[in-house]
Each structure stands twice: as structure tokens, then as C-alpha cells.
């Protein structure tokens, strides 16, 4: 894979992905984590624009991952934006772009819209190179690099043979068919015909099929949905309710009470969503902050006050005690 400048590892987190998307100039969407594949959970997230699936990569170094979906890779066509992944650590951003650049109902922003138009006729490998050389995409991606001098997030993740490697792919409907878009595959995978109402269920089946290929003890999966911005959605719904309330006759007491309850519920959801966004922003700020100077000064102050050595001694004693208890429990089980 090409270097094309260094790309950091980024955390699989809906707050990170939502801010990353916003940083690229996209408006009106956000990312939500999915904890269950049942219909009620999916119903609450509608409208779902695409799914992002994280799983443990099982392919050998330098080769493509095993295709576990029911479809087969097909050559990229004019109506699909498909890019090969040609850079390390970019699969999360590339999976997000696979959804953003294949939807006509998302406000991309001027720069990303120009990028889509410019690369529209490129083959998949050239699209991948264009992504790697986009200053906008790379700078927003790397804005989530941790300020940690002891961690090299730009290193090749395949450097350690025993490391668990993880990969992101995208699922979304395109022109009446469900597609799996994986930058390490030869092309988009057509999983069959679908409708706007059925594609999420079909995608869940494909995801479950992938998960079943792993052992029962494997729990390292993550599924996220690209959805409409919930703050905007709730505000629009509240405006609709307000309009209905204004149009009611004065004697429609029961209907007015029902609409008032609906509006109160929407207001509660809106407040929770705003609190969640504030929490996401704080978490992202902490992710990017360099805490090493603070830790250094804390340790130095403790040393000057001669409090550091006793703390280290106590910590070592606790560690020794825990190790002994763990060894004892292990021996009792044998």
C-alpha cells in the first residue's frame, strides 16, 4: 500500500465518526452505534443511510480478506463510487466515504462534492490514490491522532505478526440493490435486489453471515449506522407538531393533549441528543489532548514532596498480591 503521507489509527466511535464527517464539510448526518439487530432498534434509527461494520481481519498480510458474503465482487460501474484502499489505517474513513459519496440525499459540502465530481471517471485504484492525496480528507482524519510521544499511530498495523487487525466495510442500497463496499476487495459486492424498506434487513443477514464464520468466543465486532442528524430530525418533528396544534379547533381537547405529549417527548429526546453531542465533543477534545506534560509535572511534584516512592512501593505490593491471588485461583481450578 502507498504511504501518501501518514494516516493515524482512529477509534471506532460514533462521536469520532460524526465529528470526522462534519470536519469534511458534510451536513445533516451523524453516526450511531448499533447494539442490537432487532427490528425495534433499527426502527428507532430510521432513516438509516448506510451501515459501517468493523470485524477482525483474517486475511494474510498483503492479500485480500476472504469474501464471506453471499455475493461476488463485480467490476465497479459508473453508478457506484468504489475506491480501493491504497493506504494504511484509512479503512474507517474510506468506509464512511463509501456511503457519503454513493448517496444523492446527503449534503456533501463544496469540497467533497468537487472531489466526487473530479474522481467520478477514475478506476478504483485511482480513486483510492485520490483519497490518499486529498489534503481535506487526510487532515480531518489525522486530526484524531493522539498527542502521545510514546505511541506511533502512523506505523504499519501489519508490522506485528501477532497483532489483531481490524477492518471497516460499508453496506448501503444503490439503485435498487444492496452493496457491500470493501476497499480491500476487487470491487463492490452485489448482495441482491432490495428496497428502501428491506435493505437494512438484508444487510443484517450478510453481517450475521460474516460473524458466523468466526468462533463463538469472538466478540470483536462493531456496527454503526449513518443516520440523519437527530437534532435536526427532532426539531423538524417538533415544528410539525406545532403546526398541527395551531390548526386544531378549540374543542379538540383529546387530540391537543395527545399532541402535547408527543411534543414533550420530542423535546426530551432533543435535550438528550444535545447532551450526547456535548459529551462527544468533550471526549474528542480529550482524545486529542497531550496529557504527558501534566503527568510529568504531577510525578515531579510527588517526587519533590517525597511521596512518589511510597506510592510506587504500595502499587508494587498490590500488583504482587493480585498476581498471587490469580495464580491461586488458577491452581484451584486445575
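Count begins at 1; order follows the chain as displayed.
Heads up, the Cβ atoms here are built off N, Cα and C, so glycines get one too.
Feature list (source: TrEMBL):
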ACT_SITE  91  active site, nucleophile
ACT_SITE  167  active site, proton donor
DOMAIN    6-228  domain 'UCH catalytic'
SITE      85  site 'Transition state stabilizer'
SITE      182  site 'Important for enzyme activity'
Name, in the order they occur in the sequence, the residues of the same chain whose CB lies under 8 A from the CB of residue 91 (active site, nucleophile) and which sit 6 or more residues away.
85, 167, 168, 169, 183, 184
Can you give me the average pLDDT across the domain 'UCH catalytic' (6-228), rounded to a whole number?
84
Per residue, counting other C-beta atoms within 10 angstroms of the C-beta, which of the recorded positions 85, 167, 182 reaches the highest number?
182
